[in-house]
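The active site, proton acceptor feature in Swiss-Prot is assigned to His299; the stated evidence is similarity to another entry. The 2-oxoglutarate binding site annotation in Swiss-Prot covers Arg19, His83, Arg143, Thr177 and rests on similarity to another entry. Annotated Mg(2+) binding site per Swiss-Prot: Glu20, His205, His207, in sequence order, evidence recorded as similarity to another entry. Sequence annotations record features per position, and here Swiss-Prot assigns domain 'Pyruvate carboxyltransferase' to 11-266 based on sequence analysis.
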Amino acid sequence: MLPKKKLHMKVGILDSTLREGEQTPGVVFTTDQRVEIAKALSDIGVQMIEAGHPAVSPDIYEGIRRIIKLKREGVIKSEIVAHSRAVKRDIEVGAEIEADRIAIFYGISDTHLKAKHHTTRDEALRSIAETVSYAKSHGVKVRFTAEDATRADYQYLLEVIKTVRDAGADRVSIADTVGVLYPSRTRELFKDLTSRFPDIEFDIHAHNDLGMAVANVLAAAEGGATIIHTTLNGLGERVGIAPLQVVAAALKYHFGIEVVDLKKLSEVASLVEKYSGIALPPNFPITGDYAFVHKAGVHVAGVLNDPKTYEFLPPETFGRSRDYVIDKYTGKHAVKDRFDRLGVKLTDSEIDQVLAKIKSNPNVRFYRDVDLLELAESVTGRILKPRPPENIMALISVKCDSNVYTTSVTRRIVLIEGVREVMEISGDYDILVKVEAKDSTELNQIIESIRAVKGVKSTLTSLILKKM
Ligand code: HCA
Ligand code: CU
(Lines of atoms letter the chains of each structure in order from A and count residues from 1; the text may use other names and numbers.)
(Lines give C-alpha, C1' and ligand atoms only; values in the text may rest on other atoms or scores of the structure.)
(Ligands and ions follow the chains in the order given, each with its own letter.)
Protein backbone atom coordinates (compact mmCIF):
# COMPACT_ATOMS: atom_id res chain seq x y z
CA MET A 1 0.00 0.00 0.00
CA LEU A 2 1.07 3.62 -0.49
CA PRO A 3 2.65 5.17 2.60
CA LYS A 4 0.20 6.82 4.99
CA LYS A 5 -0.32 10.56 4.75
CA LYS A 6 0.04 13.05 7.53
CA LEU A 7 -2.85 15.22 8.63
CA HIS A 8 -2.60 18.60 10.28
CA MET A 9 -3.01 17.91 14.00
CA LYS A 10 -5.54 20.64 14.59
CA VAL A 11 -8.58 18.65 13.66
CA GLY A 12 -11.26 18.34 16.36
CA ILE A 13 -14.85 17.22 16.75
CA LEU A 14 -18.01 19.21 17.11
CA ASP A 15 -20.64 16.73 18.20
CA SER A 16 -24.18 17.64 17.27
CA THR A 17 -26.08 14.68 18.72
CA LEU A 18 -28.06 17.15 20.82
CA ARG A 19 -28.99 19.41 17.88
CA GLU A 20 -28.75 17.57 14.54
CA GLY A 21 -29.25 14.21 16.32
CA GLU A 22 -32.51 15.33 17.88
CA GLN A 23 -33.73 16.17 14.36
CA THR A 24 -33.93 12.41 13.67
CA PRO A 25 -37.57 11.41 13.20
CA GLY A 26 -38.96 10.15 16.50
CA VAL A 27 -36.09 11.36 18.67
CA VAL A 28 -36.63 13.65 21.64
CA PHE A 29 -34.25 14.01 24.55
CA THR A 30 -35.48 14.97 27.99
CA THR A 31 -33.63 17.78 29.74
CA ASP A 32 -31.85 15.30 32.02
CA GLN A 33 -30.83 13.14 29.08
CA ARG A 34 -29.53 16.20 27.23
CA VAL A 35 -27.34 17.10 30.20
CA GLU A 36 -26.12 13.53 30.65
CA ILE A 37 -25.18 13.22 26.97
CA ALA A 38 -23.33 16.54 27.09
CA LYS A 39 -21.33 15.37 30.12
CA ALA A 40 -20.46 12.11 28.38
CA LEU A 41 -19.36 14.00 25.25
CA SER A 42 -17.17 16.31 27.30
CA ASP A 43 -15.70 13.37 29.23
CA ILE A 44 -14.54 11.66 26.05
CA GLY A 45 -12.89 14.89 24.92
CA VAL A 46 -15.19 16.31 22.25
CA GLN A 47 -13.90 19.80 21.48
CA MET A 48 -17.26 21.45 20.81
CA ILE A 49 -20.80 20.43 21.70
CA GLU A 50 -23.65 21.79 19.63
CA ALA A 51 -26.09 21.64 22.51
CA GLY A 52 -29.24 22.59 20.60
CA HIS A 53 -31.21 25.46 19.17
CA PRO A 54 -32.45 27.25 22.31
CA ALA A 55 -35.19 29.21 20.57
CA VAL A 56 -36.94 26.02 19.41
CA SER A 57 -38.64 25.11 22.70
CA PRO A 58 -38.47 25.83 26.44
CA ASP A 59 -37.14 22.37 27.30
CA ILE A 60 -34.23 22.69 24.86
CA TYR A 61 -33.51 26.13 26.32
CA GLU A 62 -33.50 24.65 29.82
CA GLY A 63 -31.23 21.77 28.79
CA ILE A 64 -28.69 24.12 27.21
CA ARG A 65 -28.87 26.43 30.22
CA ARG A 66 -27.99 23.55 32.53
CA ILE A 67 -25.15 22.43 30.23
CA ILE A 68 -23.72 25.95 30.21
CA LYS A 69 -23.96 26.06 34.00
CA LEU A 70 -21.91 22.86 34.19
CA LYS A 71 -19.41 24.44 31.79
CA ARG A 72 -19.07 27.41 34.13
CA GLU A 73 -18.57 25.04 37.06
CA GLY A 74 -15.80 23.25 35.18
CA VAL A 75 -17.67 19.92 34.97
CA ILE A 76 -18.02 20.24 31.21
CA LYS A 77 -14.93 21.31 29.30
CA SER A 78 -16.10 21.48 25.68
CA GLU A 79 -17.02 24.72 23.93
CA ILE A 80 -20.82 25.03 23.99
CA VAL A 81 -22.43 26.06 20.74
CA ALA A 82 -26.04 27.23 20.36
CA HIS A 83 -27.69 26.96 16.94
CA SER A 84 -29.59 29.96 15.68
CA ARG A 85 -31.53 31.11 12.65
CA ALA A 86 -30.36 34.40 11.16
CA VAL A 87 -33.01 36.30 13.07
CA LYS A 88 -32.47 38.72 15.92
CA ARG A 89 -34.75 36.90 18.33
CA ASP A 90 -32.75 33.62 18.06
CA ILE A 91 -29.49 35.48 18.49
CA GLU A 92 -30.78 37.24 21.58
CA VAL A 93 -31.81 33.89 23.06
CA GLY A 94 -28.35 32.45 22.28
CA ALA A 95 -26.66 35.44 23.89
CA GLU A 96 -28.95 35.50 26.92
CA ILE A 97 -28.20 31.85 27.66
CA GLU A 98 -24.48 32.71 27.46
CA ALA A 99 -23.42 30.08 24.97
CA ASP A 100 -19.69 30.18 24.14
CA ARG A 101 -20.57 30.45 20.49
CA ILE A 102 -23.63 31.12 18.38
CA ALA A 103 -23.90 29.24 15.10
CA ILE A 104 -26.05 31.15 12.65
CA PHE A 105 -27.32 29.19 9.67
CA TYR A 106 -28.69 30.51 6.41
CA GLY A 107 -29.47 28.60 3.20
CA ILE A 108 -27.34 30.10 0.45
CA SER A 109 -28.16 27.99 -2.61
CA ASP A 110 -30.56 29.61 -5.03
CA THR A 111 -33.18 27.03 -4.09
CA HIS A 112 -32.92 27.93 -0.42
CA LEU A 113 -32.81 31.66 -1.12
CA LYS A 114 -35.95 31.43 -3.17
CA ALA A 115 -38.05 28.72 -1.53
CA LYS A 116 -37.12 29.33 2.12
CA HIS A 117 -35.92 32.86 2.51
CA HIS A 118 -37.94 34.39 -0.37
CA THR A 119 -35.09 36.71 -1.06
CA THR A 120 -32.37 37.61 -3.55
CA ARG A 121 -28.63 36.94 -3.28
CA ASP A 122 -27.88 40.61 -2.50
CA GLU A 123 -30.62 40.97 0.04
CA ALA A 124 -29.46 37.76 1.73
CA LEU A 125 -25.88 39.07 1.99
CA ARG A 126 -27.21 42.14 3.77
CA SER A 127 -29.24 40.22 6.34
CA ILE A 128 -26.41 37.72 6.90
CA ALA A 129 -23.96 40.57 7.57
CA GLU A 130 -26.44 42.26 9.84
CA THR A 131 -27.19 39.20 11.97
CA VAL A 132 -23.52 38.18 12.29
CA SER A 133 -22.62 41.71 13.47
CA TYR A 134 -25.62 41.68 15.79
CA ALA A 135 -24.41 38.45 17.39
CA LYS A 136 -20.84 39.82 17.63
CA SER A 137 -22.17 42.91 19.37
CA HIS A 138 -23.25 40.59 22.22
CA GLY A 139 -19.62 39.63 22.75
CA VAL A 140 -20.05 36.02 21.72
CA LYS A 141 -18.02 33.94 19.24
CA VAL A 142 -19.82 33.42 15.96
CA ARG A 143 -19.79 30.61 13.47
CA PHE A 144 -21.67 31.10 10.26
CA THR A 145 -23.18 28.03 8.60
CA ALA A 146 -23.52 28.22 4.86
CA GLU A 147 -26.45 25.85 4.65
CA ASP A 148 -26.69 23.96 1.36
CA ALA A 149 -23.24 25.37 0.53
CA THR A 150 -22.45 22.43 -1.72
CA ARG A 151 -25.26 23.24 -4.14
CA ALA A 152 -24.76 26.99 -4.03
CA ASP A 153 -23.12 29.07 -6.73
CA TYR A 154 -19.41 28.99 -5.87
CA GLN A 155 -18.73 32.68 -6.45
CA TYR A 156 -21.67 33.46 -4.21
CA LEU A 157 -20.36 31.13 -1.48
CA LEU A 158 -17.05 33.03 -1.61
CA GLU A 159 -18.91 36.32 -1.28
CA VAL A 160 -20.86 34.99 1.69
CA ILE A 161 -17.68 33.89 3.46
CA LYS A 162 -16.07 37.29 2.82
CA THR A 163 -19.17 38.98 4.20
CA VAL A 164 -19.36 36.97 7.41
CA ARG A 165 -15.60 37.29 8.00
CA ASP A 166 -15.87 41.06 7.68
CA ALA A 167 -18.85 41.00 10.04
CA GLY A 168 -16.82 39.16 12.70
CA ALA A 169 -17.35 35.41 12.28
CA ASP A 170 -14.18 33.41 12.89
CA ARG A 171 -15.56 30.06 11.73
CA VAL A 172 -17.63 28.99 8.75
CA SER A 173 -19.41 25.65 8.57
CA ILE A 174 -19.64 24.28 5.06
CA ALA A 175 -22.84 22.29 5.19
CA ASP A 176 -23.38 19.50 2.70
CA THR A 177 -27.00 19.71 3.71
CA VAL A 178 -28.36 17.09 1.31
CA GLY A 179 -25.22 14.95 1.22
CA VAL A 180 -24.16 15.35 -2.39
CA LEU A 181 -20.39 15.70 -2.03
CA TYR A 182 -17.89 12.98 -2.79
CA PRO A 183 -14.39 12.83 -1.34
CA SER A 184 -12.13 14.17 -4.08
CA ARG A 185 -14.42 17.15 -4.62
CA THR A 186 -14.65 17.76 -0.90
CA ARG A 187 -10.88 17.86 -0.57
CA GLU A 188 -10.56 20.26 -3.49
CA LEU A 189 -13.29 22.48 -2.06
CA PHE A 190 -11.64 22.80 1.35
CA LYS A 191 -8.18 23.29 -0.13
CA ASP A 192 -9.49 26.16 -2.16
CA LEU A 193 -11.45 27.74 0.70
CA THR A 194 -8.63 27.45 3.24
CA SER A 195 -6.13 28.99 0.83
CA ARG A 196 -8.45 31.87 0.03
CA PHE A 197 -9.42 32.57 3.65
CA PRO A 198 -6.42 31.99 5.92
CA ASP A 199 -8.07 33.99 8.70
CA ILE A 200 -11.19 31.80 8.85
CA GLU A 201 -11.41 28.28 10.18
CA PHE A 202 -13.73 25.82 8.48
CA ASP A 203 -16.10 23.16 9.78
CA ILE A 204 -17.38 20.30 7.65
CA HIS A 205 -20.99 19.24 8.22
CA ALA A 206 -21.63 16.23 5.99
CA HIS A 207 -24.98 14.50 5.57
CA ASN A 208 -24.98 10.86 4.61
CA ASP A 209 -27.61 10.75 1.86
CA LEU A 210 -25.20 9.03 -0.53
CA GLY A 211 -23.41 7.07 2.18
CA MET A 212 -20.22 9.13 1.89
CA ALA A 213 -20.38 11.32 4.99
CA VAL A 214 -17.41 9.71 6.74
CA ALA A 215 -15.29 9.73 3.58
CA ASN A 216 -16.22 13.36 3.00
CA VAL A 217 -15.25 14.57 6.47
CA LEU A 218 -11.86 12.87 6.14
CA ALA A 219 -11.34 14.51 2.77
CA ALA A 220 -12.39 17.86 4.21
CA ALA A 221 -9.86 17.49 7.04
CA GLU A 222 -7.18 16.72 4.45
CA GLY A 223 -8.25 19.84 2.62
CA GLY A 224 -7.83 21.93 5.78
CA ALA A 225 -11.11 21.76 7.74
CA THR A 226 -10.32 21.97 11.45
CA ILE A 227 -13.67 20.93 12.93
CA ILE A 228 -15.65 17.86 11.90
CA HIS A 229 -19.34 17.69 12.76
CA THR A 230 -20.58 14.33 13.99
CA THR A 231 -23.41 12.73 15.89
CA LEU A 232 -23.31 9.50 17.85
CA ASN A 233 -24.68 6.63 15.79
CA GLY A 234 -24.96 8.97 12.79
CA LEU A 235 -28.26 10.46 13.95
CA GLY A 236 -29.73 13.46 12.16
CA GLU A 237 -32.26 14.63 9.58
CA ARG A 238 -33.21 11.82 7.14
CA VAL A 239 -30.24 9.40 7.20
CA GLY A 240 -28.14 11.66 9.42
CA ILE A 241 -24.53 12.86 9.37
CA ALA A 242 -21.10 11.31 9.91
CA PRO A 243 -21.14 9.06 13.01
CA LEU A 244 -18.65 10.05 15.71
CA GLN A 245 -17.52 6.49 16.38
CA VAL A 246 -16.65 5.85 12.73
CA VAL A 247 -14.99 9.22 12.15
CA ALA A 248 -12.86 8.80 15.28
CA ALA A 249 -11.85 5.28 14.25
CA ALA A 250 -10.95 6.39 10.72
CA LEU A 251 -8.85 9.29 12.01
CA LYS A 252 -7.04 6.88 14.31
CA TYR A 253 -6.39 4.32 11.59
CA HIS A 254 -5.34 6.67 8.82
CA PHE A 255 -3.61 9.46 10.68
CA GLY A 256 -2.91 8.12 14.17
CA ILE A 257 -4.97 10.95 15.66
CA GLU A 258 -7.19 10.32 18.68
CA VAL A 259 -9.82 13.05 18.60
CA VAL A 260 -11.72 11.49 21.52
CA ASP A 261 -11.16 8.76 24.11
CA LEU A 262 -11.75 5.81 21.78
CA LYS A 263 -12.17 3.30 24.60
CA LYS A 264 -15.29 5.05 25.86
CA LEU A 265 -16.99 5.52 22.48
CA SER A 266 -19.02 2.41 22.78
CA GLU A 267 -20.47 3.43 26.13
CA VAL A 268 -21.56 6.82 24.83
CA ALA A 269 -22.99 5.23 21.70
CA SER A 270 -25.11 2.92 23.89
CA LEU A 271 -26.28 5.83 25.99
CA VAL A 272 -27.46 7.64 22.87
CA GLU A 273 -29.00 4.44 21.54
CA LYS A 274 -31.01 4.15 24.73
CA TYR A 275 -32.12 7.76 24.91
CA SER A 276 -32.85 8.17 21.21
CA GLY A 277 -34.77 4.91 20.97
CA ILE A 278 -33.00 4.30 17.64
CA ALA A 279 -31.36 0.90 17.86
CA LEU A 280 -28.06 0.41 16.05
CA PRO A 281 -28.07 -2.33 13.44
CA PRO A 282 -25.64 -5.09 14.50
CA ASN A 283 -23.52 -4.48 11.42
CA PHE A 284 -22.89 -0.81 12.28
CA PRO A 285 -19.13 -0.04 12.22
CA ILE A 286 -17.14 0.10 15.48
CA THR A 287 -19.98 -0.04 18.02
CA GLY A 288 -22.46 -2.43 16.33
CA ASP A 289 -22.78 -5.87 17.93
CA TYR A 290 -21.03 -7.58 15.02
CA ALA A 291 -18.26 -5.03 14.43
CA PHE A 292 -15.67 -7.49 15.77
CA VAL A 293 -17.47 -10.80 15.32
CA HIS A 294 -16.13 -13.30 12.78
CA LYS A 295 -17.91 -16.17 11.14
CA ALA A 296 -16.49 -18.12 8.18
CA GLY A 297 -14.05 -20.93 9.03
CA VAL A 298 -11.23 -19.30 7.07
CA HIS A 299 -11.74 -16.00 8.86
CA VAL A 300 -11.92 -17.45 12.35
CA ALA A 301 -8.86 -19.63 11.75
CA GLY A 302 -7.00 -16.53 10.52
CA VAL A 303 -8.08 -14.43 13.49
CA LEU A 304 -7.17 -17.16 15.96
CA ASN A 305 -3.64 -17.14 14.52
CA ASP A 306 -3.35 -13.39 14.17
CA PRO A 307 -6.33 -11.05 14.64
CA LYS A 308 -4.80 -8.59 12.16
CA THR A 309 -5.88 -10.92 9.34
CA TYR A 310 -9.45 -9.67 9.54
CA GLU A 311 -9.41 -6.67 11.88
CA PHE A 312 -8.27 -3.18 10.87
CA LEU A 313 -7.53 -2.33 14.52
CA PRO A 314 -7.89 -4.52 17.63
CA PRO A 315 -11.36 -4.25 19.24
CA GLU A 316 -9.68 -3.31 22.55
CA THR A 317 -8.81 0.03 20.91
CA PHE A 318 -12.49 0.81 21.23
CA GLY A 319 -13.05 -0.93 24.55
CA ARG A 320 -14.61 -3.92 22.81
CA SER A 321 -13.68 -7.57 22.43
CA ARG A 322 -13.66 -10.00 19.56
CA ASP A 323 -15.88 -12.99 19.15
CA TYR A 324 -16.93 -15.46 16.52
CA VAL A 325 -20.14 -17.30 15.83
CA ILE A 326 -20.61 -20.96 15.11
CA ASP A 327 -22.85 -22.20 12.32
CA LYS A 328 -22.47 -24.15 9.07
CA TYR A 329 -19.66 -21.81 7.91
CA THR A 330 -17.56 -22.77 10.91
CA GLY A 331 -14.27 -24.63 10.63
CA LYS A 332 -12.41 -26.96 12.91
CA HIS A 333 -10.25 -24.29 14.54
CA ALA A 334 -13.25 -22.38 15.82
CA VAL A 335 -14.94 -25.47 17.23
CA LYS A 336 -11.74 -26.58 18.94
CA ASP A 337 -11.15 -23.12 20.37
CA ARG A 338 -14.71 -22.88 21.65
CA PHE A 339 -14.48 -26.24 23.45
CA ASP A 340 -11.07 -25.30 24.85
CA ARG A 341 -12.62 -22.17 26.30
CA LEU A 342 -15.47 -24.22 27.73
CA GLY A 343 -12.86 -26.44 29.38
CA VAL A 344 -13.95 -29.50 27.38
CA LYS A 345 -11.28 -31.75 25.88
CA LEU A 346 -12.29 -33.46 22.64
CA THR A 347 -10.19 -35.64 20.34
CA ASP A 348 -9.66 -34.58 16.71
CA SER A 349 -12.10 -37.15 15.51
CA GLU A 350 -14.75 -36.03 18.03
CA ILE A 351 -14.34 -32.48 16.83
CA ASP A 352 -14.78 -33.69 13.25
CA GLN A 353 -17.99 -35.42 14.23
CA VAL A 354 -19.35 -32.34 16.02
CA LEU A 355 -18.50 -30.26 12.97
CA ALA A 356 -20.25 -32.74 10.69
CA LYS A 357 -23.38 -32.42 12.83
CA ILE A 358 -23.17 -28.63 12.68
CA LYS A 359 -22.87 -28.68 8.90
CA SER A 360 -25.76 -31.09 8.55
CA ASN A 361 -28.09 -28.55 10.19
CA PRO A 362 -27.78 -25.72 7.68
CA ASN A 363 -30.61 -23.61 9.05
CA VAL A 364 -29.34 -23.10 12.59
CA ARG A 365 -28.36 -19.43 12.87
CA PHE A 366 -26.16 -19.63 15.98
CA TYR A 367 -24.90 -22.49 18.09
CA ARG A 368 -24.81 -21.35 21.70
CA ASP A 369 -22.45 -22.98 24.16
CA VAL A 370 -25.24 -25.16 25.55
CA ASP A 371 -26.08 -26.37 22.03
CA LEU A 372 -22.45 -27.24 21.40
CA LEU A 373 -22.18 -29.13 24.66
CA GLU A 374 -25.27 -31.08 23.73
CA LEU A 375 -23.77 -31.99 20.35
CA ALA A 376 -20.52 -33.02 22.00
CA GLU A 377 -22.43 -35.16 24.49
CA SER A 378 -24.26 -36.94 21.71
CA VAL A 379 -20.94 -37.59 19.94
CA THR A 380 -18.94 -38.72 23.00
CA GLY A 381 -21.70 -40.28 25.08
CA ARG A 382 -20.25 -38.45 28.10
CA ILE A 383 -21.97 -35.91 30.32
CA LEU A 384 -19.71 -32.93 29.76
CA LYS A 385 -20.90 -30.24 32.06
CA PRO A 386 -23.82 -29.68 34.36
CA ARG A 387 -26.54 -27.75 32.56
CA PRO A 388 -26.52 -24.07 33.43
CA PRO A 389 -29.48 -23.25 35.68
CA GLU A 390 -32.63 -22.50 33.78
CA ASN A 391 -33.37 -18.82 33.42
CA ILE A 392 -36.65 -17.32 34.56
CA MET A 393 -38.94 -16.39 31.69
CA ALA A 394 -41.84 -14.02 32.15
CA LEU A 395 -44.49 -12.25 30.10
CA ILE A 396 -45.06 -8.64 31.04
CA SER A 397 -48.22 -6.91 29.86
CA VAL A 398 -47.77 -3.17 29.54
CA LYS A 399 -50.46 -0.49 29.53
CA CYS A 400 -49.49 2.87 27.98
CA ASP A 401 -50.76 6.34 28.81
CA SER A 402 -53.62 7.17 26.48
CA ASN A 403 -51.83 10.13 24.87
CA VAL A 404 -48.65 8.29 23.85
CA TYR A 405 -47.76 6.63 20.62
CA THR A 406 -47.44 2.93 21.52
CA THR A 407 -44.64 2.32 19.05
CA SER A 408 -42.45 4.93 20.72
CA VAL A 409 -42.80 2.99 23.99
CA THR A 410 -42.17 -0.31 22.19
CA ARG A 411 -38.98 1.05 20.64
CA ARG A 412 -37.61 1.90 24.04
CA ILE A 413 -38.62 -1.38 25.66
CA VAL A 414 -36.85 -3.33 22.91
CA LEU A 415 -33.54 -1.82 24.05
CA ILE A 416 -33.82 -2.97 27.67
CA GLU A 417 -31.43 -5.74 28.56
CA GLY A 418 -33.18 -9.05 29.18
CA VAL A 419 -36.08 -8.25 26.84
CA ARG A 420 -36.43 -11.06 24.30
CA GLU A 421 -39.58 -10.17 22.35
CA VAL A 422 -41.95 -7.24 22.22
CA MET A 423 -45.41 -7.35 20.68
CA GLU A 424 -48.04 -4.66 20.30
CA ILE A 425 -51.39 -6.24 21.13
CA SER A 426 -55.10 -5.47 21.33
CA GLY A 427 -57.22 -5.77 24.48
CA ASP A 428 -56.75 -4.44 28.01
CA TYR A 429 -53.01 -4.06 27.57
CA ASP A 430 -51.09 -2.43 24.71
CA ILE A 431 -47.77 -4.28 24.67
CA LEU A 432 -46.66 -7.79 25.58
CA VAL A 433 -43.01 -8.23 26.50
CA LYS A 434 -41.21 -11.55 26.85
CA VAL A 435 -38.23 -11.29 29.19
CA GLU A 436 -35.51 -13.60 30.41
CA ALA A 437 -33.65 -13.16 33.69
CA LYS A 438 -31.18 -15.25 35.61
CA ASP A 439 -32.93 -14.74 38.93
CA SER A 440 -35.74 -12.82 40.59
CA THR A 441 -33.53 -9.81 41.40
CA GLU A 442 -32.68 -9.45 37.74
CA LEU A 443 -36.34 -9.94 36.76
CA ASN A 444 -37.28 -7.19 39.18
CA GLN A 445 -34.73 -4.85 37.58
CA ILE A 446 -36.13 -5.55 34.13
CA ILE A 447 -39.67 -4.82 35.35
CA GLU A 448 -38.44 -1.58 36.94
CA SER A 449 -36.72 -0.54 33.70
CA ILE A 450 -39.92 -1.16 31.76
CA ARG A 451 -41.94 0.84 34.28
CA ALA A 452 -39.42 3.69 33.97
CA VAL A 453 -40.02 4.05 30.23
CA LYS A 454 -41.81 7.28 29.44
CA GLY A 455 -45.44 6.59 28.57
CA VAL A 456 -45.76 3.33 30.54
CA LYS A 457 -48.79 3.49 32.82
CA SER A 458 -48.86 0.03 34.42
CA THR A 459 -47.52 -3.49 34.05
CA LEU A 460 -48.71 -7.00 34.87
CA THR A 461 -46.10 -9.75 35.14
CA SER A 462 -46.82 -13.45 34.56
CA LEU A 463 -44.08 -16.01 35.17
CA ILE A 464 -43.81 -18.77 32.60
CA LEU A 465 -43.99 -22.07 34.50
CA LYS A 466 -43.88 -24.57 31.71
CA LYS A 467 -43.38 -24.51 27.94
CA MET A 468 -44.39 -27.31 25.57
C1 HCA B 1 -30.24 22.53 9.92
C2 HCA B 1 -29.23 22.65 8.79
C3 HCA B 1 -27.87 22.06 9.00
C4 HCA B 1 -26.91 23.07 9.56
C5 HCA B 1 -25.50 22.62 9.68
C6 HCA B 1 -24.57 23.50 10.48
C7 HCA B 1 -27.43 21.57 7.61
O8 HCA B 1 -30.79 21.43 10.13
O9 HCA B 1 -30.53 23.50 10.58
O10 HCA B 1 -25.01 24.36 11.21
O11 HCA B 1 -23.35 23.31 10.35
O12 HCA B 1 -27.29 20.37 7.42
O13 HCA B 1 -27.29 22.41 6.75
O14 HCA B 1 -27.93 20.93 9.87
CU1 CU C 1 -27.44 19.08 9.06
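For all residues, glycine too, the Cβ spot is worked out from N, Cα and C.
Annotated features, which come from Swiss-Prot, shown on the structure.
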residue	record	contacts (Cβ under 8 Å, 6+ apart)
Arg19	2-oxoglutarate binding site	Glu50, Ala51, Gly52, His53, His83
Glu20	Mg(2+) binding site	Glu50, His205, His229, Thr231, Leu235, Gly236, Glu237, Gly240, Ile241
Arg143	2-oxoglutarate binding site	Val81, Arg101, Ile102, Ala103, Ile104, Ala169, Asp170, Arg171, Val172, Ser173, Asp203
Thr177	2-oxoglutarate binding site	Gly107, Glu147, Asp148, Ala149, Thr150, Arg151, His205, His207
His299	active site, proton acceptor	Thr309, Tyr310, Tyr324
Taking Arg19, Glu20, His83, Arg143, His299 as the recorded positions, the residues having C-beta under 6 A from ligand 2 are Glu20
Check: same-chain CB within 8 A of Mg(2+) site center, minus Glu20, His205, His207: Ser16, Ala175, Asp176, Thr177, Ala206, Ala213, His229, Thr231, Gly236, Glu237, Gly240, Ile241, Ala242
Of these binding-site residues, His205, His207, which scores lowest on Cβ atoms within 10 Å? His207
Just the recorded positions from Arg19, Arg143, His299 whose C-beta lies under 6 Å from any atom of ligand 1, please, or none if there are none. none
For His83 (2-oxoglutarate binding site), list the number of other Cβ atoms lying within 10 Å of its Cβ atom. 26
If the 2-oxoglutarate binders are Arg19, His83, Arg143, Thr177 per the record, what's the largest distance between their Cα atoms, in Å? 16
